[in-house]
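Trainee: Okay, so Swiss-Prot annotates it like this:
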type	residues	note
BINDING	H120, H980	Cu(2+) 1 binding site
BINDING	K128, Q143, D146, D147	Ca(2+) binding site
BINDING	F408, G417, Y420, S611	Na(+) 2 binding site
DOMAIN	564-712	domain 'Plastocyanin-like 4'
CARBOHYD	N138	N-linked glycosylation site
CARBOHYD	N227	N-linked glycosylation site
CARBOHYD	N556	N-linked glycosylation site
CARBOHYD	N582	N-linked glycosylation site
CARBOHYD	N756	N-linked glycosylation site
CARBOHYD	N920	N-linked glycosylation site
Amino acid sequence: MKIFLLCIFLILCGTSVWAKDKHYYIGIIETAWNYASDHAEKKLISVDTEHSNIYLQNGPNRIGSVYKKAVYLQYTDENFRTVIEKPVWLGFLGPIIKAETGDKVYVHLKNFASRPYTFHAHGLTYYKEHEGAIYPDNTTDLQKADDKVQPGEQCLYILHANPEQGPGEEDSNCVTRIYHSHIDAPKDIASGLIGPLIHCKKDSLDEEKEKNIDKEFVVMFSVVDENLSWYLEENIKTYCSEPEKVEQDNEDFQESNRMYSVNGYAFGSLPGLSMCAEDRVKWYLFGMGNEIDVHAAFFHGQVLTSKNYRVDTINLFPATLFDAFMVAQNPGQWMLSCQNLNHLKAGLQAFFWVQDCKKSSSEDNIHGKNVRHYYIAAEEVIWNYAPSGIDAFTKENLRAPGSASEAFFEQGPTRIGGSYKKLVYREYTDASFSNQKERGPEEEHLGILGPVIAAEVGDTIRVTFHNKAAHPLSIEPIGVRVDKNNEGTYYSPTGSGPPPSGSHVAPKGTFTYEWTVPKEVGPTYKDPVCLAKMYYSGSTKDIFTGLIGPMKICRNGSLLANGRLKNVDKEFYLFPTVFDENESLLLDDNIKMFTTAPDQVDKENEDFQESNKMHSMNGFMYGNQPGLSMCQGDSVMWYLFSAGNEVDIHGIYFSGNTYLSRGERRDTANLFPQTSLSLFMQPDTAGTFDVECLTTDHYTGGMKQKYTVSQCGQRSEDLYLYLGERTYYIAAVEVEWDYSPSRKWEKELHHLQEQNLSNAFLDKEEFYIGSKYKKVVYRQFTDSTFQVPVERKGEEEHLGILGPQLHADVGDKVNIIFKNMATRPYSIHAHGVKTESSTVTPTAPGETRTYIWKIPERSGAGMGDSPCIPWVYYSTVDRVKDLFSGLIGPLIVCRKHYLKVSNPIKKLEFSLLFLVFDENESWYLDDNIKTYSDHPEKVDKANEEFMESNKMHAINGRMFGNLQGLTMHVGNEVDLHSVHFHGHSFQYQHRGIYTSDVFDLFPGTYQTLEMTPKTPGIWLLHCHVTDHIHAGMETTYTVLPNEEIKSG
């Protein structure tokens, strides 16, 4: 996964007054844990249940569903004899620790396990001697005692619920945090040592319950990787009937030990999630794990509010912390599932029960009122992913030998090519289904998608569905109120009665669905006028087959009679996804129809499977999508939505223009499985621009289109007045870059963890490259002679491989005098800025060129942003290879005069780029093999282990504590970026101020975070993705005592 992050601001907070002392007696014990629960195994009918045996059945070389684990338990007192029972739905999670702002929490930890562990808290303040995490931090003696609690030993951890760690202004009363063991955090957590910590605003609890909340639940979505557990060897010996036959490196064995679970329960076996209809329910959610842990937690039949926005799906990633509120509706048995379609098949679901307790309903009965009736059929088509046969970006034939597109469009004995039989939704005029509605020019861009279903709050949506295909199908809506008969899917446990007829409509059958839009599912006061939603057929394979369409749910009175949004010139719906044709219901038909030797096709062949993964938008690839055209100055709404699996992490970049979403100014929108966004754009420059996914594999695989902005009679000149002017002299310079100049921190870390690990990324071994690579970087010079480089100051030392940190205010014109001192063509282009042309001209080696970036209002902060927002600049000659070769830097744009008027004190600014530099994609790979490999003649560039050794998990181009210069004083105002900060929380703007200590970053993401350090020490800063931690994406930052603050 390619993860970006750029820039932070700190805010000074007041001192805390301790309110209450709270004591928790926590023991670590070892136990046998059953992922299928001790209840009868529940198999889900809507899911491909053959998968359950892969994970739950033991055998000669399979462990099965029971594993030895270490877990946290709560005891009544310091004698550690009497266990306090926890709710059954917590599974193997530790007990809930709760604190209000101002409380002082004492955690008395006793280790009953057979190896050392610790207790490390997120979201509370602690001094170094109570951190519970082991890494090289210059602590000794008493300050080290907390870092490793040996078997049989005890340790006291003292934690403070400071205001700056507590809920922000716009946060809910209680927010989700976590605690876990932190000797080797990924292995400790995989072994079971993880639990919830809930930090509440002062006076928001009543006898440990949040006021005005009837029920609360904590859920962790995780692919628990038992291959990483400290107890793997023991589990093999105990539960495999022929342990000597186990090959731990076997991929199938490893997959059988990845337990797709909610709180440690798989395949719907989590007990105890029960509530009454009309109960006010608070959900605390978090994710943990690895790159595979891309979760979309979907609450069937319900709609929630999170951060004051209306949601039904919550995206969770490793160490993502969320809370959400719902009023339970619709009595019945509903599924809480991960809508990552691979995870759904593998058992990541739970049931929750909404019981009819005869409470009076809070919702208006709008059934049958303001009916909008749609007639939709599912039918077969032959779909061509690129009708022109041409790559609109390179002008090459899509089957050109050696092109990136050839793998997907080649047709032959065992290749299907670019056309597939698919199923699609299409709209008809009436219930006879004889006259299909023609799509007008404004709908041309919809492509493979079904018709737009539009509704306002107060409406009833009636959909008469006719199945013209040969498979049972349905329509399942997202974001409206449904009952069990109209849900469009079925997943109840075996033996619970026949499925409702709307859950699967037989071939040639017809069913009329009825859904309602009460105000409780409509936009909140913070939401846009229309919420982007979707509908699809209710089986995982159906979506990949093509059955998905857009829906929008709008405020009352906001739509015209034809369903278009008032006061908007254009509306576009985009569905970026990797259509996995291997999962299509029609795969066998496509093999027979399009391959010339179908009997020779091996459906398990990796190259064959890859050729069928179509990286598309609305079913179009490589710029073949029609209809994305608008006029300069138009008011444009973009509705984006996605579905799929863990590869469907999208950073959708709109070149040439910016948009507003939830008050924030951006040009790159992040999408995940079953998420949707509404974006507002007013294009201000005529030309042809790109809309593309910045996830590297998706971009090269064809997930990119063109959109056109025409003058339409408008004046083309830029009338904005640019009063400020800045000039920067930037060169592209080739350097030798060392990702790990010192191995001292890394080796000390492994010594402290008592592990003797080799490093596939940094060790050269026989033919690997090691830690040094030839790269190209942006560097600043004093003037146009490019003779004297600008020396980096102490506060810029942290930038590492990044180019200079450039600054501009709204109203500025920025002149970039760029000299290419490298050996191949490069350029420099920034996100967010306005340029005269949509084309970025390459600069040849030895040449100098001027690039002009204008900073109009639409390049600056939105009303929901921090005053200064980060953008990124890089070379676009070959966006992928240029980036991985090293060309990237930060641009900070502030509101006009912000730094002069509002911020007279100079803040520290830290820009951090979290990126897996894939050196296999560098222009200099061959040079690096020749220069740094001990045996270049033995190198096989296609060897998987060699390729993996060149994926450098770095922060600003440094690994394992090698990033220098992150130093600040207590009370400093600082600008920072990162994923998880030990010791401190930060604030971030999201149309209001929120607090966390973990921030999620995705392709093309930049975010300003604000933090005021309070606690001196050397603290860990790292990515919380398991593989990234082990691969070295971690460093430390230093908080020095403020000499002006007197001790005590």
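Quick reminder: no glycine exception, Cβ is built from N, Cα and C everywhere.
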Trainee: Run through H120, F408, G417, Y420, N582, S611 for me and report the recorded positions whose CA is within 10 Å of the CA of D146 (Ca(2+) binding site), in sequence order.
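Mentor: Within 10 Å Cα-Cα: H120.
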Trainee: If you count the other Cβ atoms within 10 Å of each Cβ, which of the binding-site residues D146, D147 comes out on top?
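Mentor: Of D146, D147, the one with the most crowded Cβ is D146.
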Trainee: List, in sequence order, those recorded positions among Q143, D147, N227, Y420 whose Cα sits within 10 Å of the Cα of H120 (Cu(2+) 1 binding site).
Mentor: D147
Trainee: CA-CA, which of the recorded positions K128, N138, D147, N556, N582 lies nearest Y420 (Na(+) 2 binding site)?
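Mentor: With Cα distances computed to Y420 (Na(+) 2 binding site), the winner among K128, N138, D147, N556, N582 is N582.
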Trainee: Please name which of the recorded positions listed here, K128, N556, N920, is nearest in space to F408 (Na(+) 2 binding site), Cα against Cα.
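Mentor: Minimum Cα distance from F408 (Na(+) 2 binding site) across K128, N556, N920 lands on N920.
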Trainee: What does the structure give for the C-alpha distance between K128 (Ca(2+) binding site) and N556 (N-linked glycosylation site)? Integer Å is fine.
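Mentor: Between the Cα atoms of K128 (Ca(2+) binding site) and N556 (N-linked glycosylation site), the distance comes to 54 Å.
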Trainee: In terms of Cα spacing, which of the recorded positions N138, Q143, D147, N227, N582, N920 are within 10 angstroms of S611 (Na(+) 2 binding site)?
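Mentor: Cα filter at 10 Å returns N582.
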Trainee: Once near-sequence residues are set aside, which residues in the chain of N556 (N-linked glycosylation site), 6 or more away, have Cβ atoms under 8 Å from its Cβ?
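Mentor: Spatial neighbours, sequence-distant, of N556 (N-linked glycosylation site): E456, V457, G458, G522.
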Trainee: Calculate the per-residue pLDDT averaged over the domain 'Plastocyanin-like 4' (564-712) and state the result as an integer.
Mentor: 94
Trainee: Give me the Cα-Cα distance between N582 (N-linked glycosylation site) and D147 (Ca(2+) binding site), rounded to a whole Å.
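Mentor: With the alpha carbons as reference points, the distance is 48 Å.
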Trainee: Specify the secondary structure state of H120 (Cu(2+) 1 binding site) as given by DSSP, simplified to three classes.
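Mentor: H120 (Cu(2+) 1 binding site) sits in a strand per DSSP.
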Trainee: Within a 10 Å radius around the Cβ, which one of these recorded positions has the most neighbouring Cβ atoms: Q143, N227, Y420, S611, N920?
Mentor: Y420
Trainee: Using a 10 Å cut-off on Cβ-Cβ distances across all protein chains shown, tell me which of the glycosylation sites (N138, N582) has the largest neighbour count.
Mentor: N582
